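Chemist: After the C-alpha cells below, expect a handful of questions from me.
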C-alpha cells in the first residue's frame, strides 16, 4: 500500500522558478463549479420522475434515457479527454467542457419552450452535457500537477476529480426536488441560464502558471500509446478495473432511479430528494474521514474487501427498506450506501495510481470512469425491463418482488384474454 519512491520524485522535482500563487485556486474552484452544474443537469429530472415525464410528454421509464444518454456520451468523450490531458493542457479541457456546457444548456432551454418533441430535444441537450463531464472531471488531476505544490490538500492527485465531483453533486438531489417541483418550465429556464453563466469563466483561466511553459506538467510521462499498451497488459489493472467499474456503475444507476424506487411506495419527490442528498452527504463525510486514515496506515486491499461486502449488504437492504412503512429506513440504507461507495472510491483510485505507475493517474482513472459510466447506462436500460406491472401488489415497483409483480400482471392479462374468448 506504500507508493513507490519514483512516484514521489515525479511530483517533488519542481523547477525552482515556479511561484504557486493564490490564483491557482480560481481554476480549481471553476472546475468544482463546472462539475456542480453538470451534475445538476444530469440529475435534473431524477428526483421527480413523474412530474418530469408529464412535463416532457413521455413515460417515467423513458425518463431514465436522460441519464442513459448522458452516461453514454461521457464514455464517448473520454478518449478525447485523455488525448488533451496527456499533453498537459487542462485549460483546453476546461474551455472545451465550458463550451459544451453552454451549448447543451441552451439546447435544453430550447427544449423547454417547445410544445412538440420536447423530450427528443432534451435528450440532445443531455448528450451534449454528458460530453462535457469527462473534461471537467479529469482535468483537476492535470491542473493540480501544473499549478499546485506537492504538499497540501491538492497533492492527492488521483482523487481530485472525485473530490470536485462529490462536492458538486451534493445539492443536486435536494435542490432539484424543491426548485422544480412546482413550475418545471420556469425553473428549467433559470437553471440553464445559470449553467451558461457558471461555464463562462473557464475561458479566462490562465493556461499555465508563471514560470512554467504549458505542457511541462507531465514531461516525464510515457507516450500515450505506450501508456495504453502498458495498462492493457497489466493484470493488476484489470483486477482493479472490474470491481471498481461495477462500483461506479451501480452507484450511478442507483442515484438515477432512487425516486422510481421510493415513489411506488407512497413517498414524495421531496423525500426522494432528501434520500439522494443523504446518499451524497454521508458519502462526503465518510470519504473525508477514511481516505486520510487509510492513506497513512495502509491496508487498502483489506479495506476494499470489507467495504465492498458491506456495500453489497447495504444495496440488498435497500430492496426492502421502502416497504418498512417509514422513509427513515430508506434514509438509513441510503446513508450506508453513500458511506461505503465514497469511502471505497478514493482508496481505490489511490491504489490504482500505485499499481499502474508510471502511468499518470489522470490517464488510468479515466478508464475507470469511462467503464463505470457506460456500464451504468446499460444497467439503467435493464431497469426498464425489471419494473413491475400496474397490477402488482405495489404497482410499478422496483423492489425484490418486481419480477413477481410482472408475472402477476401477465397472469391477469392472460386470464382476461381467456374470459373474452369464452
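In case you wondered, yes, glycine gets a Cβ from its N, Cα and C as well.
As the structure is a computational prediction, the values presented were derived from the model and not from experiment.
Sharing the feature lines straight out of TrEMBL:
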- 25-43: transmembrane segment (TRANSMEM)
- 63-85: transmembrane segment (TRANSMEM)
- 92-111: transmembrane segment (TRANSMEM)
- 117-137: transmembrane segment (TRANSMEM)
- 237-262: transmembrane segment (TRANSMEM)
- 274-294: transmembrane segment (TRANSMEM)
- 303-321: transmembrane segment (TRANSMEM)
- 327-345: transmembrane segment (TRANSMEM)
- 366-386: transmembrane segment (TRANSMEM)
Chemist: Out of 25-43, 63-85, 92-111, what stretch is closest in contact terms to the transmembrane segment (117-137), meaning most Cβ pairs under 8 angstroms?
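Modeler: Against the transmembrane segment (117-137), the leading stretch is 92-111.
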Chemist: Among 237-262, 274-294, 327-345, which stretch has the highest count of C-beta pairs below 8 Å with the transmembrane segment (303-321)?
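Modeler: By the under-8 Å Cβ criterion, the transmembrane segment (303-321) pairs most with 327-345.
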Chemist: Quick test of the contact rule: Cβ under 8 Å, at least six residues beyond the ends. What residues does that give for the transmembrane segment (63-85)?
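Modeler: Non-local partners: 41-46, 49, 52-53, 56, 92-93, 96, 122-123, 126-135, 138-139, 141-142, 224, 252-253, 256-257, 260, 362-363, 366-367, 369-371, 373-374, 376-377, 380-381, 383-384.
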Chemist: For the transmembrane segment (366-386) and the transmembrane segment (237-262), does the number of C-beta pairs under 8 Å, pairs 6 or more apart in sequence, reach 3 or more?
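Modeler: With 3 or more qualifying Cβ pairs, these stretches touch.
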